[in-house]
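Data first, discussion second: the structure below is written as structure tokens.
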């Protein structure tokens with residue numbers, strides 16, 4: 001992938017950009033095999049990759065510069081700003097949005113937040129695009145509600161320029177820290193969730209719910225999990241750390257009992273909406289802590305699917321799964337190091353199958369799907 005920002009030394013986020021994709025995949029596979037070297041693996045499936053540019057469905061832009069000439073991008077470690085509107089990881093559809101947002105910031109008088117001076121209002125702009133219909137969600141992260149009335153007043157102009165903006169919100173993040181969002185979300189549109197569709201499964205994206213940033217690879221990840229589950233004798237499963245329900249909604253069949261658990265209520269609202277659309281009545285989604293939910297249950301399903309954050313599932317949940325011993329565990333991980341650590345804590349299980357998904361090209365990161373079977 002050619003990147004003028006990288007070539008000019010202005011951005012180093014894609015540290016592996018000079019390596020061809022096959023070399024990147026080989027290095028990631030070697031890393032994964034090294035992390036799992038202590039465990040016998042029955043089957044290594046071929047790694048899955050997607051487009052090498054224009055694949056991201058989300059932009060997280062730090063807003064800097066002045067209200068008349070805002071910059072959208074990032075801050076270097078020394079505090080100097082860098083405009084990343086031309087980043088080749090973004091699809092071509094993002095460029096007109098960035099182009100319209102810059103004059104809009106001036107029109108609405110949204111002074112960019114200055115980290116050094118602790119002054120200004122507009123901290124971040126977060127943009128997400130649906131692959132199914134091209135609809136977009138735009139979030140303005142502000143320090144306070146001071147400029148909210150001005151923003152509302154100026155908004156019709158932006159909506160006229162960009163009719164693809166289906167969901168627009170303001171998030172209030174008052175803390176002087178590098179935190180992307182606060183707890184308060186104010187909707188400026190009637191529509192509150194962005195419609196998405198992977199493999200004919202309806203999914204919904206809300207402002208504060210996690211959603212994969214590489215749709216081409218994520219849809220293959222979900223489809224693979226579905227294929228693996230269909231090969232297993234499973235009538236009852238748990239989907240822990242379920243997010244908006246991507247895995248559970250793909251894996252569930254009309255006669256299967258499934259419980260999806262996620263701590264974020266926004267994500268659970270999305271999952272419930274999808275389940276209702278699919279007419280799946282035996283699916284339950286609850287906003288709870290996954291570990292607390294699991295360890296409080298007496299009955300054990302045949303399959304537990306886990307998709308934890310980078311820290312992994314942790315020892316308490318590993319201990320519980322070891323004791324209760326479901327027949328199968330499917331572990332989806334964005335951090336193979338913590339996954340390997342967790343598998344060490346599950347001595348009663350063997351690794352049946354492993355597959356790497358190149359969710360983050362040009363970096364050392366990847367997603368991995370692992371099927372564990374009770375010994």
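Using N, Cα and C of the backbone, Cβ positions are placed for all residues, glycine too.
In the record from Swiss-Prot, residues 212, 241, 262 bind S-adenosyl-L-methionine; the candidate from 171, 307, 335 listed for the same site is 307.
By a simple count of nearby Cβ atoms, those within 10 Å, the most crowded of the recorded positions 3, 11, 14, 87, 334 is 87. Neighbour density around each Cβ, counted as other Cβ atoms within 10 Å, peaks among the binding-site residues 212, 241, 262, 307 at 262. If you take the CA of residue 307 (S-adenosyl-L-methionine binding site) and look 10 A around it, you hit none of the binding-site residues from 3, 11, 14, 87. On the backbone, the CA of residue 87 ([4Fe-4S] cluster binding site) and the CA of residue 212 (S-adenosyl-L-methionine binding site) stand 19 Å apart. Annotated S-adenosyl-L-methionine site 212, 241, 262, 307; additional same-chain residues within 8 Å of its Cβ mean position, judged by their own Cβ, are 210, 242, 243, 244, 246, 247, 267, 308, 332.
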